[in-house]
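> Features from Swiss-Prot:
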- ASN82: N-linked glycosylation site (CARBOHYD)
- ASN108: N-linked glycosylation site (CARBOHYD)
- 121-166: repeat 'LDL-receptor class B 1' (REPEAT)
- 167-211: repeat 'LDL-receptor class B 2' (REPEAT)
- ASN175: N-linked glycosylation site (CARBOHYD)
- ASN190: N-linked glycosylation site (CARBOHYD)
- 280-299: region 'Disordered' (REGION)
- ASN313: N-linked glycosylation site (CARBOHYD)
- CYS402-CYS411: disulfide bond (DISULFID)
- CYS406-CYS421: disulfide bond (DISULFID)
- CYS437-CYS447: disulfide bond (DISULFID)
- CYS441-CYS459: disulfide bond (DISULFID)
- CYS461-CYS470: disulfide bond (DISULFID)
- ASN473: N-linked glycosylation site (CARBOHYD)
- ASN508: N-linked glycosylation site (CARBOHYD)
- 553-644: topological domain 'Cytoplasmic' (TOPO_DOM)
Amino acid sequence: MIRIRFGMDVLLVLLLATCLLTPAHGTPLEWDFAVTLRTKIQFMDSSWQTIATAAHEFDELSALTFDESEELIYFNDLKHRNGSIFSLKRDLIAANHVAEQTIARTGNESVGGLAYDPLNMNLFWSDTEQRKIFFAPIHGSATPQVLVDLSAEGGRPDGVAVDVCRRKLYWTNSNVTHPTVERINLDGSNRTVIISSNIDMPRGIVVDQLSDRLFWIDDLKGVFFSVESSKLDGSDRQVVLKDKHHEPLNLAVTNDAIYWTDRTTRAVWSHPKVPVIKVTTTSKPDEEDSTDSTDFKDPEPVAEDCPLVRVANLSEEARGIVARTGFYQRLQKDHHCASIVRKVKERVDEQSRKFEIRSLLDQKIKVLEDERCMNDGEYRAATDLCICPTGFKGSRCEIRECHNYCVHGTCQMSELAYPKCYCQPGFKGERCELSVCSGLCLNGGHCRVSKDENEAPSCECPAKFGGARCEQNSTEICSLFCRLLKHEPEMYVPFGCHSICEELAQDNSTNIAIPQYQHLEVCLTPRVWTSSVIIILVVGIVSSLLLVAVIVQGIRRLYKPKRPRIRKTFVVRKQARTNSAGDTPLTNRPLATEQCEITIENCCNMNICETPCFDPKLVEQTLSKSSCKEDKKILIHNMEDDLY
């Protein structure tokens, strides 16, 4: 019986060892990003490949937050009848997830944003319907309390974020009439508006503890949106990105990028954030090469990545998003966060001590658990996780962060637990991937780098080339002086040009490609009479002549004298006239009592539209046989007949 029991104990130990030492694929343990869709939570790795999904029993998920100290995710379901906020943890035995109710539903809540304080273990959330911000402890059944009430002032709280190190809560007020970004102490005191101008409708917000900055999304008017950043007090405001045709809700920040969910495209997008942690690329004195200089070849050019990247396509509408930040490793030496991290770690360690060793089997399991975490990682039985020391990562702390990180340099971990490269002489860049000689020397010049890091690299130029970058062709320059020497033999010639002039004279070649040198065109005599200049000159002369001709013709017509108008005056006297038998009232008109004067213009001054001064038919009949005196008589006689 003892042997059978001992065999069963050994078998059980082996089974447990297999479970502990085998990576739990398909579980949320290895994830780097978590995104809430409408009906599930999707876990993804660093390359945005889906590794697991959870919370399928819910219908309307929205916001979520992450407790990295205990590996718990808190999320909200808008349609659940009993609960409002739930927690998601990993089952150690079944290797899957378990969702539990954390905050009971008290009414028609509409959670807009979630945040968690790992020190006091409190949840904070915004209610867009009641226009208030609540908080409640995750353990126990305490009634949620109001931290901020915006209903009286017409505000609408949306995104919330906790500054764990400085003990403050930040939120966005998406009221379109008076949008703001505000903060308050976690105890409810010292409420402050930090952003109130040049903002339309702020949505999600996050506190980046690594850079001590705020990042938030602003849904601008029309189809535009922006991602903005500032210091924790609202100063040093920067626009990280401005684009259009997105409907972003929430965002997450890592060391080098910003990620946000977009409801329009059903995707997760990323954009580089401004690097705050400067990577040192200087050379360490004890690692310098003993030689005075080193030869380098130009590396291959590095292509730039698109700043706006669609990292994940989702099957449903994307809403909340969280990312791992390495809370323990990154902030252990931060002067604002070191004390908070220490207190949180002490609390987690106290919970781990509750798993006491009671038998030999437990001792064997304990040994296997300790062996699960590599590189002195600390095993957490409550969460089945390894807390890795600085410089290591992975589910078992098996990955060294400096491994293959620096291309031409030595890697060390910085005070903020990030890899930092000390570059070899002649290299630069965040990972020492760029050569200082890249593109420096021209025309086949050879780059030389001194061991003194303060001394700039130099170029060794081939024959007949000079300059700091071998950009000057000495043959082309000296050829100009050679031409001048033919006319002024006593002029000054730079050193070395005499021998080149002799070579050119022996070569008897005049086809020197002087215009090919980019700086010599200023020394050449410019060609004035080019074809374009001649064409413009001819066109200008012809146009000037035509203009002068038009002006002269206009002046002549303006000052040309008019033709004289010839006027003749005839005095007609009254004559005795007897009435004939054939006179009628129409033919026998009354005559003037005295006399009248008739002015007759010369017909040569009349045009065709004027009334002629005599009957043309009568003139035709008498033209051949009448003299000038008879014409006048006929004309006067007809005029007398026309008078009334």
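Using N, Cα and C of the backbone, Cβ positions are placed for all residues, glycine too.
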> If we skip the immediate neighbours and take only residues 6+ beyond the ends of the repeat 'LDL-receptor class B 2' (167-211), which ones have a Cβ under 8 Å from one of its Cβ atoms?
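Residues 113, 115, 117, 120, 122, 124, 126, 133, 147-148, 150, 154-161, 217-221, 230, 232-234, 237, 248-253, 255, 260, 273, 276-277, 325, 327, 330-331, 334, 337, 416 contact the repeat 'LDL-receptor class B 2' (167-211) from elsewhere in the chain.
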> Sorted by position, what residues of the same chain at least six away from ASN175 (N-linked glycosylation site) have a C-beta under 8 A from it?
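Listed in sequence order, they are GLY154, GLY155, ARG156.
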> Could you find out if DSSP has CYS421 (disulfide bond) as helix, strand or coil?
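Its secondary structure by DSSP: strand.
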> At the level of the C-alpha atoms, what whole-angstrom distance separates CYS406 (disulfide bond) and ASN108 (N-linked glycosylation site)?
54
> For the glycosylation sites ASN313, ASN473, which one has the sparsest Cβ surroundings, going by other Cβ atoms within 10 Å?
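If we count Cβ atoms within 10 Å for the glycosylation sites ASN313, ASN473, the smallest count is at ASN313.
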> Can you tell me how far the Cα of CYS447 (disulfide bond) sits from the Cα of CYS421 (disulfide bond), in Å?
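CYS447 (disulfide bond) and CYS421 (disulfide bond) have their Cα atoms 23 Å apart.
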> I need the CA-to-CA distance for CYS441 (disulfide bond) versus CYS470 (disulfide bond), whole Å please.
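So the alpha carbons of CYS441 (disulfide bond) and CYS470 (disulfide bond) sit roughly 6 Å from each other.
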> Between C-alpha atoms, which of these recorded positions comes nearest to CYS402 (disulfide bond): ASN190, CYS421, CYS461, CYS470?
CYS421
> Can you tell me the three-state DSSP label for CYS459 (disulfide bond)?
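Once the DSSP labels are grouped into three classes, CYS459 (disulfide bond) ends up as strand.
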> Which chain-mates of CYS461 (disulfide bond) that are at least 6 residues away have a CB under 8 A from its CB, listed by sequence?
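Listed in sequence order: CYS441, ASN443, GLY445, GLY467, CYS470.
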> In the repeat 'LDL-receptor class B 2' (167-211), how many residues does DSSP assign to helix, to strand and to coil?
0 helix, 23 strand, 22 coil
> Out of CYS406, CYS411, which of these disulfide-bonded residues shows the lowest number of other CB atoms within 10 Å of its CB?
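Counting other Cβ atoms within 10 Å of each of the disulfide-bonded residues CYS406, CYS411, the minimum falls on CYS411.
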